[in-house]
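Structure first, then comments.
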């Protein structure tokens, strides 16, 4: 983390530099003009993690600054949501004098929402006992006078939920409220307002679609729920069990009735589609009945494996969201032989860092 780089007065300049890098880096694929979606310059991150430093009676949050090569005390944190910044102060003031809650505490994680819920995870280098649970419950009650908060305690092979281990986010996408269960310690989009722009862009990019949608790496259904309106049916895959559970929950609370989630990896699904192997998890699902002309992928930073790339090339339209321009560029070396880029976007999910979230719509040549 480079804390000095987080200067809102430099936001436009750093975004312009990202635009230049992405445009120049993908020029060989002759994409259309880059669509740029900016972030708020401050208080844009809905998640934050802090280490905890103990110094006598004092106790405080810190981060490690790679540029300074030193730990930096954090009373407030500019990228974090206003809700995280508000509870940071109240929480640390509660922890300092409380031996049971502070003893061997080494990290605090926050997961907040635009809808006002916040989840606090306290991580310890010791096993948590009954006294900890009593003190944590009292802490939650005191904080609840100001915040809609839940607390989780974690230690090695131990997790204690005082109430629940998730928040429910509500966002407005093209005027429609969408609800998402977000589970502690599972992936969620960190920049909620930019995530809304991503969803709206994806909806617009697929609005003229026909037939069904195949989605790989669907996570908690973030895009699945939003895109379902543009297709007859959606078939989505995800490997992580907590994310599949959250996706099923999100399908239900959003009253979406045309989505089928399958718990399996993209690689295994590629084998199933190629009829190389049969899978018990696909019993009762007729893959041949789906008429998927469009495929949506939002892979991890490592990008897409070769076999899955071959699968993807079989579709007329490919919507690809990437958190790593290098692996996207590598994958496009293959995909560009059969498809051309017709939409190209930069989403500034991670201001003041080198990370760039991008999106491309590819259509068969």
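The backbone N, Cα and C atoms fix where each Cβ goes, and this holds for glycine too.
Here Swiss-Prot flags 323 as active site, nucleophile, drawing on sequence analysis. Sequence annotations record features per position, and here Swiss-Prot assigns active site, proton acceptor to 357. Positions annotated as S-adenosyl-L-methionine binding site by Swiss-Prot: 189, 217, 222, 238, 298.
Taking the centre of the Cβ atoms of 189, 217, 222, 238, 298 as the S-adenosyl-L-methionine site, the nearby residues of that chain (Cβ within 8 Å, site residues left out) are 187, 218, 219, 220, 221, 223, 224, 243, 321.
Residue 357 (active site, proton acceptor) sits 15 Å from residue 222 (S-adenosyl-L-methionine binding site), counting Cα to Cα. It is 17 Å from the Cα atom of residue 238 (S-adenosyl-L-methionine binding site) to that of residue 323 (active site, nucleophile). Remark: of the recorded positions 238, 298, 357, the most isolated position is 298 (fewest other Cβ atoms within 10 Å of its Cβ). Taking the Cβ of residue 217 (S-adenosyl-L-methionine binding site) as reference, residues of its chain lying under 8 Å away and at least six apart in sequence are, in sequence order, 237, 238, 266, 297, 298, 299, 300.
In the shown protein chains, 19 other C-beta atoms lie within 10 A of the C-beta of the residue listed as 'active site, nucleophile'. The Cβ neighbour count for residue 222 (S-adenosyl-L-methionine binding site), using a 10 Å radius and every protein chain shown, is 27. In sequence order, 46, 195, 198, 222, 349 are the residues of the chain that are 6 or more apart from residue 189 (S-adenosyl-L-methionine binding site) and have a CB within less than 8 Å of its CB. The DSSP secondary structure for residue 189 (S-adenosyl-L-methionine binding site) is coil. Classification of residue 217 (S-adenosyl-L-methionine binding site) by DSSP places it in coil, neither helical nor stranded. Spread of the S-adenosyl-L-methionine binding residues is 16 Å (greatest Cα-Cα distance among 189, 217, 222, 238, 298).
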